[in-house]
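Heads up: the structure comes next, in structure tokens.
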Amino acid sequence: MNIAAALARARAFLHRKGIEAAALEAEVLLAHVLGTDRVGLYREAHRTLTREERVRFEEMLSRRAAGEPVAYLTGHREFMGLDFLVTRDVLIPRPETELLVEMALEILGRGDVPGEPLLADVGTGSGAIAVSLARYLARGTVYATDISPAALAVAAENARRHGVTGRIVFLSGDLLAPVREILPPGSLVLVAANLPYIPSADIGRLMPDVACYEPHLALDGGADGLELYRRLVPQARELLVPGGHLLMEISPGQVSLLGPLFPPDTWQYRVHRDLAGRERLVVARKKAPF
Ligand SMILES: C[S@@+](CC[C@H](N)C(=O)[O-])C[C@H]1O[C@@H](n2cnc3c(N)ncnc32)[C@H](O)[C@@H]1O
């Protein structure tokens, strides 16, 4: 069977299994098996697959049909124009999280941050946020924490691949606790966090490719989804400089619960919508004392 015929069969198979982007996913998986890109498939459309290639492609297709996400099958996901290694130890970076990075870059690019800015990425996972910030900011250091040592190993590999190892300090532990051990209060200009925010009771209702494959440690945000953020906000308040920013990704239904997290004597906050028009990002600014 040649490449064109294998693709046609795979498309039809994934389509029958209810995969929406069957054509695209068939191409991504075959390109991965053959070590080429999607254009390469069409350049070599008439080449016959070896038996080994056919077997590997069929195995990928059946794992995909069983619900395994494409990013775990290929080990890659693009985020902020960068290629990230992903394994089942980390959440697959989501396009909506790019809003958080873009907003952080805009805030820090306003130019009034002197010297070498210190930032934090709490719950770094694959390192998507920390590595993107380090890559796109000319200066500064990112303190990236995670409670999962396995996730931190993936993040460290992503930092290495993108040449920013020297710009990120990886720390294992709960929220900002490991940063508090090494930095004095009032050190950080920005704290970014895409922590688990799905209410525990909703985890079972997620799409099976999320619920069955992605780490629950990366999803479960407790009773109302805000338990980790509720603990994070006072820690961030202590570590931020006056006028510093806390950026948190949330689920749209949580906006009405945010008020008590941000007492108006200490914080000003706004909620921004993602490209799909959903309220997704909290940008909170620590007020300067009078
Ligand atoms: C939703 S994932 C986000 C990963 C990454 N920041 C991203 O945007 O793709 C949340 C991450 O928070 C980590 N995490 C969960 N509880 C934590 C805690 N108490 N302290 C630090 N990290 C935590 C998980 O291990 C997971 O890697």
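Heads up, the Cβ atoms here are built off N, Cα and C, so glycines get one too.
The feature S-adenosyl-L-methionine binding site is assigned by TrEMBL to Gly123, Thr124, Gly125, Ser126, Gly127, Asp146, Asn194. What TrEMBL records for 6-75 is domain 'Release factor glutamine methyltransferase N-terminal'. Annotation comment: TrEMBL describes 121-207 as domain 'Methyltransferase'.
The structure, with features from TrEMBL marked on it.
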| residue | record | CB count, 10 Å |
| --- | --- | --- |
| Gly123 | S-adenosyl-L-methionine binding site | 23 |
| Thr124 | S-adenosyl-L-methionine binding site | 31 |
| Gly125 | S-adenosyl-L-methionine binding site | 30 |
| Ser126 | S-adenosyl-L-methionine binding site | 26 |
| Gly127 | S-adenosyl-L-methionine binding site | 33 |
| Asp146 | S-adenosyl-L-methionine binding site | 31 |
| Asn194 | S-adenosyl-L-methionine binding site | 25 |
Quiz prompt | DSSP-derived class (H/G/I helix, E/B strand, else coil) of Asn194 (S-adenosyl-L-methionine binding site) | solution = coil
Quiz item: Whose Cβ lies within 8 Å of the mean position of the Cβ atoms of Gly123, Thr124, Gly125, Ser126, Gly127, Asp146, Asn194, the S-adenosyl-L-methionine site, other than those residues?
Solution: Val90, Leu91, Asp121, Ala128, Ile129, Ala130, Ala144, Ala151, Ala155
Practice problem: Could you list, ordered by sequence, which of these binding-site residues: Gly123, Gly125, Gly127, Asn194, have a Cβ under 6 Å from ligand 1? | Solution: Gly123, Gly125, Asn194
Quiz prompt | Max pairwise CA distance, angstrom, over record-listed S-adenosyl-L-methionine binders Gly123, Thr124, Gly125, Ser126, Gly127, Asp146, Asn194 | solution = 11
Quiz prompt | Three-class DSSP secondary structure - Asp146 (S-adenosyl-L-methionine binding site) | solution = strand
Self-check item: Helix-strand-coil residue split for the domain 'Methyltransferase' (121-207), DSSP-based
Solution: 35 helix, 20 strand, 32 coil
Quiz item: What counts of helix, strand and coil residues does DSSP assign across the domain 'Release factor glutamine methyltransferase N-terminal' (6-75)?
Solution: 50 helix, 1 strand, 19 coil
